[in-house]
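Asker: This is the structure I want to talk about, given as structure tokens.
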Amino acid sequence: MSFPSAVAFLWVRTWRNRVVRQVQRLKRPRYLLGALVGLAYLYSLVGRSVFVQGTGRAVSPNARLFAEFSLEVSVLGTLVTAWVLGADRPALTFTQTEVQTFFAAPVTRKALLHYKLLRGLLSAMLAALAATLFVGRFTSPQPVLFFLGAALAMGTLYLHGTAASFVRAWLVSQGRWGSVVRWAVVAAVLVAGMGTLLSTLSDHPLPENLSTPFAVREWLRDVLNAPGPRAVLWPGRALVAPAMARSWEGFLRYLPASLALLVAHYAWVLAVEVPFEDSAVAGAEARTRRRAQRAARSGNLRVGRVPFVLKARGRPEVALLWKNLIARRRMGSGLAMLLSFGVLGAVFALVMGDTRLFSNSREFLGPMALMVAVAMAVIGPSAFRTDLRMDLPKLELLRALPLTGRQVVGAELAASALTLGVAQWVMLLVALVLGVGADDVTLAPWSTPVVLGLLSVLPALGLAGLFVQNAAVVLLPAWIPADSERARGVEALGQRLLTLVGTLVVTFLGLLPAAVVALLVGYPLFTVMGRWAVPLAGLAAAGALFAEVALGVAVLGRAFERLDVSEEQSNEA
């Protein structure tokens, strides 16, 4: 069998086995229901706009300018990082199976290179399809053109990264002078880019009156259309232009340049080919070793700072809280990155729109902090997972501890509740200091009482959502994927949606008694204290929610003591 035939056989059998496995999983109720919900969600998200409403939808100028600028800068950043960041070795990665199958076979290096390049281009097409479904429908009126253009752009970027890694590996093999040449060229390019930017800013200074509507947007448009930035951003624009084309005529006009770049990069990779077998074998072995370490929960352990000193004497369930707080710190970078991206995105959206809000930053930061705090009460229980969901593979070990079920459930729940509550308090204190609606005659008197009321209500609401999610782990452990599992596919998306919707519904039902208590306390006090009865009503509602959770923890603790994880898993197998 020839090498192309063997590759085709491998791909066909791999996809066939994957499809068969997915179909077999649909025999289980949780996967079938998850797949149905996931498909319905995807259709509601992208299907109606692509297949029902058709093409030709109008895209706002702000969205188009933002998309073009962000894509061009992203492409340029990818091109630069290909030469600056990463290891100085070929960027071709092979799985352990590919190494054992192909490297021992009578296959030339050129054939292996063609195989990896073709597979990389196919992966770029799949990434372009995902970008079209979830991003392209907001930025381009032609989804088909966006997909074709994105496939060309991502394929070219993949080839550029591969060629750059080959050149870097060759320069390293040449010794010290090779590194000097590489960094000299990189420094020259960066200096030229900075010089172009400074020269352009001197010709197009930032508007003095930022309160003028759309002033920053027009300034940014002028800067991007200046000769210097146009030259610097040309690689990005050449790759992005086909995807952002508004018609087939425009797409065909940009297509020759994009195809020429793709073919030139493919030829470049073949021309600068360097030996990659040793690095590929080492990389495959390293990835296999890391997977084995993750499966065994071992590896290089680093001793870091602890949230507090765990004393030898005291309540034993505090040890679980201590453990989960340490895990929260280890996993906390994702939340910080999410918040930073949200803040930067909101600022950029306001810059692209009406900048009059920046004439008084309090009008922007106060309401934004309040919205983030409220949003955390909804999405926080799904994002903060250092509880029973994280310890799902270790439920049998938790049951073997000399603790009651109530102690285990309460301690596991406490870490996520504390971190979520602290994050909400920080946002609410920012809103309290800066004020919400301070310039509005109607809202200003209510701003402080409402925020004070939310200081007690929102953490209690987040705690209720966390309790519901942890109750699902105890009552339906087979339906909840462990955090260590990389659940992928439509059924995994559907399961997450079901979990989120179920959490919201059950939490809403639990809010009804708390709302009744708040009404019974707040209404009589309102006739005496006016708007300052809101904090007391919020405190009463929070107390009712805490009482419900405490009762639920006691009941859930008994269910945890009777839980048989092996039986649940065998029923789903």
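Yeah, the Cβs are placed from backbone N, Cα and C, and that goes for glycine too.
Below, the features straight out of TrEMBL:
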- 31-51: transmembrane segment (TRANSMEM)
- 63-85: transmembrane segment (TRANSMEM)
- 117-138: transmembrane segment (TRANSMEM)
- 144-171: transmembrane segment (TRANSMEM)
- 183-201: transmembrane segment (TRANSMEM)
- 251-271: transmembrane segment (TRANSMEM)
- 333-352: transmembrane segment (TRANSMEM)
- 364-384: transmembrane segment (TRANSMEM)
- 413-438: transmembrane segment (TRANSMEM)
- 450-476: transmembrane segment (TRANSMEM)
- 497-526: transmembrane segment (TRANSMEM)
- 532-556: transmembrane segment (TRANSMEM)
Asker: Is it the case that the transmembrane segment (364-384) and the transmembrane segment (497-526) touch, counting contact as three or more CB pairs under 8 Å in which the residues of each pair are 6 or more positions apart?
Answerer: yes
Asker: With a Cβ cut-off under 8 Å, give me the same-chain residues at least six positions beyond the ends of the transmembrane segment (497-526) that come close to it.
Answerer: 33-34, 37-38, 41, 378, 381-382, 460-461, 464-465, 468-469, 472, 480, 533-534, 536-538, 540-545, 548
Asker: Can you tell me which recorded stretch out of 144-171, 183-201, 251-271, 413-438, 532-556 has the most Cβ pairs within less than 8 Å of the transmembrane segment (450-476)?
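Answerer: Maximum Cβ contact count belongs to 532-556.
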Asker: Report, as numbers and ranges, every residue of the chain located at least six residues beyond the transmembrane segment (251-271) whose Cβ falls under 8 Å of a Cβ in that stretch; write 'none' if there are none.
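Answerer: Hits for the transmembrane segment (251-271): 110, 113, 117, 142, 145, 148-149, 152-153, 155-156, 159-160, 162-163, 166, 238-239, 241-242, 245.
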